[in-house]
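Participant: Let me begin by handing over the structure; questions about it come next.
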Amino acid sequence: MGWEEMQVRGYSEFVRTAQSYHGRPIFALFCGDKDAEGRSWCPDCVTAEPVVRKELHNLPDESVFIYCLVGDRAYWKDPNNEFRRNLKLTGVPTLLKYGTPQKLVEEECFKAELVRMLFTED
Amino acid sequence: SVKAHKEEDNPQKTMEVNGLTPVPDSYDYDLIVIGGGSGGLAAAKEAAKYEKKVMVLDFVTPTPQGSSWGLGGTCVNVGCIPKKLMHQAALLGQALQDSRKFGWQFTEEVKHNWMTMTESVQNYIGSLNWGYRVALRDTKVTYENAYGEFVGPHTIKATNKKGIEKLYTAERFIIATGERPRYLGIPGDKEYCISSDDLFSLPYCPGKTLVVGASYVALECAGFLAGLGLDVTVMVRSILLRGFDQDMANKIGEYMKEHGVNFIREFVPIKVEQVEEGTPGILKVTAKSTTGDQIIEGEYNTVLLAIGRDPCTRKIGLDKVGVNINEKTGKIPVNDEEQTNVPHIFAIGDILQGKLELTPVAIQAGRLLVRRLYAGATAKCDYVNVPTTVFTPLEYGACGYSEETAVEKFGEENIEVYHSHFWPLEWTVPSRDNNKCYAKIICNIQDNERVIGFHVLGPNAGEVTQGFAAAIKCGLTKEQLDSTIGIHPVCAEV
């Protein structure tokens, strides 16, 4: 079986989803919310998303890709939001391999080579 | 991985398109660095800045106990970083005790959880391993997790953990393979003992521990293990901290002894047997006196060997390319430009003969070497007056000559030693020792009482020493030191 994508919004939904896939490799991309036209308030997320999506075919079999909208800009700016507090996220976009220290933050997500490295190497 | 040169059409153009200057003589790389530790990574990253085509080969042969780790070398994975974090864990334990005297009230007894600490430390190390991989990929340095060895003057064979071999060629090489802990060569050592390579990721609390050795590795590990509440014994063959100022070494030992570390002096283990399996199990150690026939036995949960480190230079094909090594020690002699006897092969870091085994030294040597090779620089690494710190429970910072070496070099009548005990203000309220912290400077009378040795024993010794190292590099004299007004109330004002 290849890989599958789950789309979630908000911290609780993210955690519930990640826990339900416990045992499989989980990759997550965190982005700012999108408006009615589908554009995120986070310009770097707009740049990063297509780069990441283009590399998804490199995901290992059995893995899960969770696309997570974190919230609106005000929520994100709050230094105590749950993503910052519990997942130690420092910026959006963040692309990470759940349960490991491996992650790419902000401009690092623009680089296909790095995204590919995160998806394919140990 | 590197594609073989099939670009017959226009190899130059391919290179230029990738933003790299063409590699001469159709070598695969301008530079191959063997070893992805402090020195190797610094050199590789520096070379990438000058748009050189660089490859780093890093491979960790697992320990007898099966421990292994990621990119970054000894310092990051099984050295300075986890050591300092665990030392900090022990200091925090002490601080918790002190805090009661400062008014903090807590009724529960304070206990330490080894797994919690180790998981946090390993998680941080994992983020460093990852960070290095991102940095290398981002600067277009090719990294292979493979064991590199020379098979020809310009050719390396790289074998990955699946046993797959690839060949790579380069114009120049830097050997930065570092060292690994030495074993005793007695029955039971590899089967039952651990080393610093295993300690920082040990998946269970080591329990009652025997540390064999008197190096700074031995004393630092013994120190933090005791600080975490474990029963620790150190078995020493002769002196403590060979090569360091012995006056300071003895003070460190005394402090540790008074604070619960047991010492067995002038004995060496001759046999280690397993009494009971487990995590940890129970081991029986038999030891013989170095001064007579006396034999002693002891039982411990863990035996940690810290008797020295050996360079990883014996199995990397140096004989095939004619690089000289010191047959006895395995160290590589180099000139003052880190060049081996083979002009296109260089070496940096712990494997060098006659040089300090320190991360910042390796980094500096690596960077300056690469600048000389590719940026026309001339600066050479300055190995003199390098500051160091030993993170024993009472920390020891030093820069320059030990008292013995100064006497030997300049003559006792030509040096003047100024010293003082001091009592850190923070130690007064909790009634901690008032006569243990100590500082001394050694001055060369014939050279304006220039400060040629600086030694301090006390909290935050590393932080204190760093600034003095810069002053010594500038030629600090006793008079200048005296006329520098102190900051109050800090230890460094002494």
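Cβ coordinates are placed from backbone N, Cα and C, and glycine is handled just like the others.
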Participant: Quick one: which of B:1-21, B:274-294 does TrEMBL have down as region 'Disordered'?
Facilitator: B:1-21
Participant: Taking TrEMBL at its word that B:G213, B:A214, B:S215, B:Y216, B:V217, B:A218, B:L219, B:E220 bind NAD(+), choose the one of B:G308, B:G317, B:G322 listed for that site.
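Facilitator: Within the candidate list, TrEMBL flags B:G308.
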Participant: Taking TrEMBL as the reference, B:C75 is linked by a disulphide to which residue in B:C80, B:C193?
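Facilitator: Between B:C75 and the options B:C80, B:C193, TrEMBL records the bond with B:C80.
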Participant: Within 8 Å of the Cβ centroid of the NAD(+) site residues B:G213, B:A214, B:S215, B:Y216, B:V217, B:A218, B:L219, B:E220, B:G308, which other residues of the same chain have their Cβ?
Facilitator: B:V211, B:C221, B:L241, B:A306, B:I307
Participant: I'd like to confirm something. Which of the binding-site residues, B:G148, B:V217, B:L219, B:G308, has a Cα closest to the Cα of B:C80 (disulfide bond)?
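Facilitator: When the Cα distances are compared, B:V217 comes out closest.
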Participant: What is the total of other Cβ atoms whose distance to the Cβ of B:G308 (NAD(+) binding site) is within 10 Å?
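Facilitator: Excluding its own Cβ, the number within 10 Å is 14.
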Participant: When a 10 Å sphere is centred on the Cβ of B:C75 (disulfide bond), how many other Cβ atoms does it contain?
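Facilitator: Excluding its own Cβ, the number within 10 Å is 23.
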Participant: Given B:S215 (NAD(+) binding site) and B:G148 (FAD binding site), what distance in Å do their CA atoms have, once rounded to a whole number?
Facilitator: 30
Participant: Let me know the model's mean pLDDT on the domain 'FAD/NAD(P)-binding' (B:29-366).
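Facilitator: Summarising the domain 'FAD/NAD(P)-binding' (B:29-366) by its mean pLDDT gives 96.
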Participant: Mind computing the max CA-CA distance among B:K84, B:G148, B:D350, which the record assigns to FAD binding, rounded to whole Å?
Facilitator: 30
Participant: According to DSSP, does B:C80 (disulfide bond) fall in a helix, a strand, or coil?
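Facilitator: DSSP call for B:C80 (disulfide bond): helix.
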